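*Asks:* The structure's right below; bear with me while I get my questions together.
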There are 2 protein chains.
Amino acid sequence: MADVQPKVTTGPISGSRKVHRSTDSGMAVPFRRIEQSDGSHLDVYDTSGPYTDARTGIDVHRGLPALRPERAEHRTQRESALRGEITPEAEFIAVREGVPAELVREEVAAGRAVIPANREHPEAEPMIIGKRFLTKVNANIGNSAVTSSVEEEVDKMVWAARWGADTVMDLSTGSRIHETRERVLRNSPVPVGTVPIYQALEAVGGDPARLSWEVYRDTVIEQCEQGVDYMTVHAGVLLRYVPLTAERVTGIVSRGGAIMAAWCLAHHRESFLHEHFAELCDILRGYDVTFSLGDGLRPGSIADANDRAQFAELETLGELTAIARDRGTQVMIEGPGHVPLHLIEENVRREEELCAEAPFYTLGPLTTDIAPGYDHITSAVGAAAIARAGTAMLCYVTPKEHLGLPNREDVKTGVISYKIAAHAADLAKGHPLAQQRDDALSTARFEFRWNDQFDLALDPDTARSFHDETLPAEPAKTAHFCSMCGPKFCSMRITGDIRRYAQEHGLTSTDAIEAGMREKSAEFTAGGGRINLPLAE
Amino acid sequence: MADVQPKVTTGPISGSRKVHRSTDSGMAVPFRRIEQSDGSHLDVYDTSGPYTDARTGIDVHRGLPALRPERAEHRTQRESALRGEITPEAEFIAVREGVPAELVREEVAAGRAVIPANREHPEAEPMIIGKRFLTKVNANIGNSAVTSSVEEEVDKMVWAARWGADTVMDLSTGSRIHETRERVLRNSPVPVGTVPIYQALEAVGGDPARLSWEVYRDTVIEQCEQGVDYMTVHAGVLLRYVPLTAERVTGIVSRGGAIMAAWCLAHHRESFLHEHFAELCDILRGYDVTFSLGDGLRPGSIADANDRAQFAELETLGELTAIARDRGTQVMIEGPGHVPLHLIEENVRREEELCAEAPFYTLGPLTTDIAPGYDHITSAVGAAAIARAGTAMLCYVTPKEHLGLPNREDVKTGVISYKIAAHAADLAKGHPLAQQRDDALSTARFEFRWNDQFDLALDPDTARSFHDETLPAEPAKTAHFCSMCGPKFCSMRITGDIRRYAQEHGLTSTDAIEAGMREKSAEFTAGGGRINLPLAE
């Protein structure tokens, strides 16, 4: 197997090419340049790594080249920011996001943003998670005991990053967990997150009661050494919270949360994650691994949303946030889950209040339970709403949620759905760069530059293929209509005719129209009541 | 062709059967009964008509039987409601929605709800559109000059209603417009809407300048006679508003709006729809056809949202609403379009204020322009938000929006996406019946009743097929895991174990836990630190 080059998708996304802008310290910041047929172009944020660079050879066995310089001093991004230093990563991020480097520093220093960048993962391109920056999207990959292989998971990671995933989480729980993660890390251009308890549980034969701090700690250190950038830790699941889930419709739906609750109950003790939290902070800080404090008691159904169990855990996460920050470790907070629309905003407000504005990282939320098979949509609705309210990163949900392990196509659908939610929120939050792309695409649409419209889309391939289903011929790419309305009923074509007519007749303002109405009324009647407007084909 | 029975989908939706409840006056109100393996059942709102009734024969040539009784008096639903009468339709609706008939009457009398029920369309099952009722979904069907046939459109109508479309609009602009509409009407269990200007334009050879009040009026009468239940009329597009669209990124994107703007400009006169509006009211009232006052100047891009052109037209629609109500005609108001999340609520507030709370009927809105191919999702995000704010009916958007005419599969995807948005809004608005289905599904999920979970889903077929992709064998339908997490990592299975353990050990409250912690701590240490929790397989 080691001799076969695993298959990953390479080559530029349709209609674009990779360009770089240099930072002052010489790092090359990637952008995807979308060329337009009118000679203009739009550079967009690019998560896809060297895989979409036509000039770069890819060798999955060797992995990506190290991008980030080795740093002499052992300070975390947070510690550097607090000292007033702008790190090379912060500088990279500033160029990438189109913001001042000082804003990056300030937000990281305040703990309102994190830069998940393990010093042992130099292949990754620096990125930031915080509400004053572009809303980020995470894609979960990883096998289960039932299905998938190492090769498939590496392929999914590359594929997810290609379509815009800002980070990936390797949630493997099946066989070859270490090897899968190693291959993912060495080839990932985006930060990689994990949930170490999964591997720890495998190490003790799958029995939660046999877990211990020592097994867990060793697993964490192994993963830190490999280069994992952020780790989900369910240290907020306390023994006394378990009974709060007893009356729930769906109990505990977080895998890590359920495992820790089982451990606490079996041992009748407070969780070892909670007891050894300070020690865990120090381990993570040593590599600059970011905490993602897990919501082990998140609601798994509409009925359980915003209940006591959920908010009790959130309070504990707030206490842990303070401890981690004191020790110089970066922290973000995970959020739900299943939440109806009217209860979403409260989640953000409470999280900001209890966790001192640590970046919020939410799974969806799903806004109804009744649509298995379409939970990328039920949750994109909630994701857009919660991101608008201040969530910094959205964990995607695929169409297979609740039903099975996502395949490659599900991963793409999940990522695109979440790029939509994130972008909708960025527009609503008024991110200065967001609307450029909408305007460019709508202008192309109005001008019937079909290929430009496709290339500016989040998924050019699908847009083009949907159009071509009914009008595949090349002339249709400049035609002033599509099959939806046909030539005579195309409103944009008619608008174009109207504008030309108005221009030629000087009818470009309301005043001119009103003056014209008086004047032309007579003329019209005299002329027999017909004016030739060249509107039909 | 008349001898071949057109193909439409018949038979019950998986796991359910048609039941009826009778109204006091003897009308049979349909429900879809979803049977559960534990002996319980859930009856849900059913738009699918006799097609899903296993006991009913379908003959598309003959059409559906008349459901509604012929009425002697020629009053509209609105006029009856104002006189304090509860019509048979209102009674039917009350049973269907699970609300008092008096609420139906009150809302119709106040103009906050409409019952689109042309007396010439007795095949349709009565339904109501208003913000105090379940949020409704419309599916557009209809051919274009480029593609589709009469048979395909009838099939799409039946298919759309099967998956939950509350109304359909036949927007045909191609050939055989009259015949397509006739077949759709005679076979439609849901109200049918149209945009008469499309047929009128065909009648004058496709040149907007050749349109006239007389041609339009005759078209409207023809469609009223056929049984169309509501009609989009772009009477708010005034000549003086046309220059307000001159600086827009996407001009006028409503087909009817563009046609009327072209007419106004060509003739340099105010629109014949506006001039003859009172006469139009009287024609519609004669059949109890409901106005859907069209938003001919809706924004077609994020850049154009909530601009002067849009809101100027809305003011005019408010004036027309008052005229229509005075004349006893029912009215709803159409809304945008493309609107970013933060500008959505303003649309509802202004509509309610300017149009005296006439039901709002919005297309999406799309919350970004950058995802052609996924506009069912960009717009489901906006649709859920605008419905939560008070929109009564949502016009679906399919994945083909902006790209081509939707096919059968696109119609289903569009309908399901919009049922999600509507249901998410109903949950947020606290509709008393909404959460029942979420709770039933989540309970089935938690209890690993996989078939029940699928059957309760909006789309049982897709949920089942996604699950079966990786675990097709029958035993997997009761297994305590799926391929997403595999057996050891299923949080719901572990929760079940935790609950049994807690029950057996009397650890079902926080107090018991805390007492137990003190007690067991000693016991635990004495026993060598291992308690057997039967968590692993």
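In case you wondered, yes, glycine gets a Cβ from its N, Cα and C as well.
As listed in TrEMBL for this protein:
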- B:1-29: region 'Disordered' (REGION)
- B:Asn140, B:Met169, B:Tyr198, B:His234, B:Ser254, B:Arg255, B:Gly256, B:Asp295, B:Gly296, B:Leu297, B:Arg298, B:Glu334, B:Tyr361: substrate binding site (BINDING)
- B:His338, B:His402: Zn(2+) binding site (BINDING)
- B:Cys482, B:Cys485, B:Cys490: [4Fe-4S] cluster binding site (BINDING)
*Asks:* Could you tell me the C-alpha distance between B:Ser254 (substrate binding site) and B:Cys482 ([4Fe-4S] cluster binding site) in angstrom, no decimals?
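*Replies:* For B:Ser254 (substrate binding site) versus B:Cys482 ([4Fe-4S] cluster binding site), the Cα atoms are 46 Å apart.
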*Asks:* May I ask you to pick out the binding-site residues among B:Tyr198, B:Arg298, B:Tyr361, B:His402 with a CB closer than 8 angstroms to chain A's CB atoms, ordered by sequence, or 'none' if no residue qualifies?
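*Replies:* Among the binding-site residues B:Tyr198, B:Arg298, B:Tyr361, B:His402, the ones whose Cβ sits under 8 Å from a Cβ of chain A are B:Tyr198, B:His402.
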*Asks:* Across all the protein chains here, work out how many other Cβ atoms are within 10 Å of the Cβ of B:Cys482 ([4Fe-4S] cluster binding site).
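*Replies:* Counting Cβ neighbours of B:Cys482 ([4Fe-4S] cluster binding site) within 10 Å gives 24.
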*Asks:* Which whole-number value in Å describes the distance between the Cα atoms of B:Tyr198 (substrate binding site) and B:His402 (Zn(2+) binding site)?
*Replies:* 19
*Asks:* Check the Cα-Cα distances from B:Cys485 ([4Fe-4S] cluster binding site) to the binding-site residues B:Gly296, B:Arg298, B:His338, B:Tyr361 and tell me which is shortest.
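*Replies:* The smallest Cα gap between B:Cys485 ([4Fe-4S] cluster binding site) and any of the binding-site residues is with B:His338.
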*Asks:* Rounded to whole angstrom, what's the largest C-alpha distance between any two of B:Asn140, B:Met169, B:Tyr198, B:His234, B:Ser254, B:Arg255, B:Gly256, B:Asp295, B:Gly296, B:Leu297, B:Arg298, B:Glu334, B:Tyr361, listed as binding substrate?
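*Replies:* Looking at B:Asn140, B:Met169, B:Tyr198, B:His234, B:Ser254, B:Arg255, B:Gly256, B:Asp295, B:Gly296, B:Leu297, B:Arg298, B:Glu334, B:Tyr361 as a set, their Cα atoms extend up to 20 Å apart.
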*Asks:* If one measures from the C-alpha of B:Tyr361 (substrate binding site) to the C-alpha of B:Cys490 ([4Fe-4S] cluster binding site), what distance in angstrom results, rounded to a whole number?
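*Replies:* With distance taken Cα to Cα, B:Cys490 ([4Fe-4S] cluster binding site) is 43 Å from B:Tyr361 (substrate binding site).
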*Asks:* Around B:Gly296 (substrate binding site), which residues of its chain at least 6 apart sit with Cβ under 8 Å of its Cβ?
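*Replies:* Expected: B:His234, B:Gly236, B:Val237, B:Ile252, B:Ser254, B:Gly256, B:Gly257, B:Ala258, B:Met260, B:Ala261, B:Glu313.
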*Asks:* Which of the binding-site residues B:Asn140, B:Arg298, B:Cys482, B:Cys490 has its Cα closest in space to the Cα of B:His338 (Zn(2+) binding site)?
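*Replies:* Among B:Asn140, B:Arg298, B:Cys482, B:Cys490, B:Arg298.
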*Asks:* Which number gives the other C-beta atoms within 10 angstroms of the C-beta of B:His402 (Zn(2+) binding site), all protein chains shown included?
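*Replies:* So the Cβ neighbour count for B:His402 (Zn(2+) binding site) comes to 24.
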*Asks:* C-alpha of B:Cys482 ([4Fe-4S] cluster binding site) to C-alpha of B:His402 (Zn(2+) binding site): distance in Å?
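*Replies:* One finds 38 Å between the Cα atoms of these residues.
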*Asks:* Measure the Cβ-based neighbour count of B:Gly256 (substrate binding site), defined as the other Cβ atoms within 10 Å of its Cβ.
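*Replies:* Around B:Gly256 (substrate binding site), other Cβ atoms within 10 Å: 26.
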*Asks:* Which residues of the same chain, at least 6 positions away in sequence, have a Cβ lying under 8 Å from the Cβ of B:Cys490 ([4Fe-4S] cluster binding site)?
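*Replies:* In sequence order, the residues whose Cβ lies under 8 Å from that of B:Cys490 ([4Fe-4S] cluster binding site) (at least 6 apart) are B:His480, B:Phe481, B:Cys482.
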*Asks:* Using C-alpha atoms only, work out the spacing between B:His402 (Zn(2+) binding site) and B:Asn140 (substrate binding site) and round it to an integer in Å.
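*Replies:* So the alpha carbons of B:His402 (Zn(2+) binding site) and B:Asn140 (substrate binding site) sit roughly 14 Å from each other.
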